[in-house]
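Quick notes on the structure that follows.
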Amino acid sequence: MASTTPSTYKQAVFKEQGAGLTLEEVALTLPKRDEILVKVEACGVCHSDHFAQTNLMGGGFPLVPGHEIIGRVAAVGEGETVWKEGDRIGGAWHGGHDGTCGACKKGFFQMCDNEQVNGISRNGGYAEYCIIRREAAVHIPDHVNAAKYAPMLCAGVTVFNAMRHMKIPPGELVAIQGLGGLGHLALQYANKFGYRVVALSRDSTKEEFARKLGAHEYIDTSREDPVAALQKLGGASLIVSTAPVPEIINPLIQGLGVMGKLLILSIVGGIEVHTGLLVGKGKSIWSWPSGHATDSEDAIAFADLHGIDCLIEEFPLDKCNEAFAAMMEGSVRFRAVITM
């Protein structure tokens, strides 16, 4: 262990199902082979962290949440040759893979049959230090702001990676539904991908903001029929659904043009879809599960090159419960980030 590394550190932990976070001091342990000890600079607070609190994915307790981690390498496991002390490093939702399953053999490491998830199946980044696996470690540029870029490791890579895999050519009409943590980034990425971007939201006061982020058109769905408005524009080649509003799924399908794709990035639960809305015009419904380490590096490099701005509110570690509550209430604009 490096001489500057302390023997103890603080972490925020869920001790039992449904409870709030407990801030505690614990002993620092060395990383094992294929592990990296990270001195955390910032960790985003994502709605998926609620899965840790409720044990929805079976991570158990106690558990430190957080999967939008940026920091510096404090120590490396035995035999490590790529990472060294002081390197800028990140940890995302994807926390590790076996490299042998069918998904891994196809390069979809974030879909691994035995995937580990930071902050869900292993302790995450609501802490001064955390340990991440080397195969899931993300190279982070030295010059980027840790708090601003931490959410890129979930919200950013999710919208970036999903949209690029839809293979929509530049110049096509792309609509973004929702202007929250995912949506405000999706608007910016879509604009920089070269699309004609339409923002869909239920609030007329957000139009100016949406246009500043890169929207060429704005549809207030509380005042205007989104189907008619999108069809008047020619029908969307892609609609990205970022807000969990199940009742809007069928109307969004009707807003697609011929061979249009509806990309669902928010978990809305069970929905009914009229298949007749799909078959006649070759429309389809898609989803995409975040990304692996290289995808995260691509999302960050693209954001850095094009000036994509993640809007955040910062909270110190001892205000972790306030940060979590603001995220759950939807009062934060637009991503809460815990800074050390």
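Using the three backbone atoms N, Cα and C, a Cβ is placed for every residue, glycine included.
Secondary structure at His67 (Zn(2+) 1 binding site), taken from DSSP and collapsed to helix, strand or coil, is coil. The feature Zn(2+) 1 binding site is assigned by Swiss-Prot to Cys46, His67, Glu68, Cys154.
In the three-state DSSP scheme, Ser266 (NAD(+) binding site) falls into the coil class. Annotation for Ser266 (NAD(+) binding site): spatial neighbours Gly178, Leu182, Ser241, Thr242, Ala243, Pro244, criterion Cβ-Cβ under 8 Å with sequence separation of six or more. Feature annotation from Swiss-Prot assigns NAD(+) binding site to His47, 178-183, 198-203, Lys206, 265-267, 289-291, 297-299.
Per Swiss-Prot, substrate binding site is recorded for His67.
Look at Swiss-Prot and you will find Cys101, Cys104, Cys112 tagged as Zn(2+) 2 binding site, backed by similarity to another entry. Counting every protein chain shown, the Cβ of Cys101 (Zn(2+) 2 binding site) has 16 other Cβ atoms within 10 Å.
The two recorded residues, Cys46 (Zn(2+) 1 binding site) and Gly180 (NAD(+) binding site), show a Cα separation of 12 Å.
Within the group of binding-site residues (His47, His67), the Cβ with the highest number of other Cβ atoms inside 10 Å belongs to His67. Cβ contacts within 10 Å of Ser290 (NAD(+) binding site), excluding its own Cβ and spanning all protein chains shown: 25. Considering only the binding-site residues Glu68, Cys101, Cys104, Cys112, Cys154, the residue whose Cα is spatially closest to the Cα of Gly183 (NAD(+) binding site) is Cys154.
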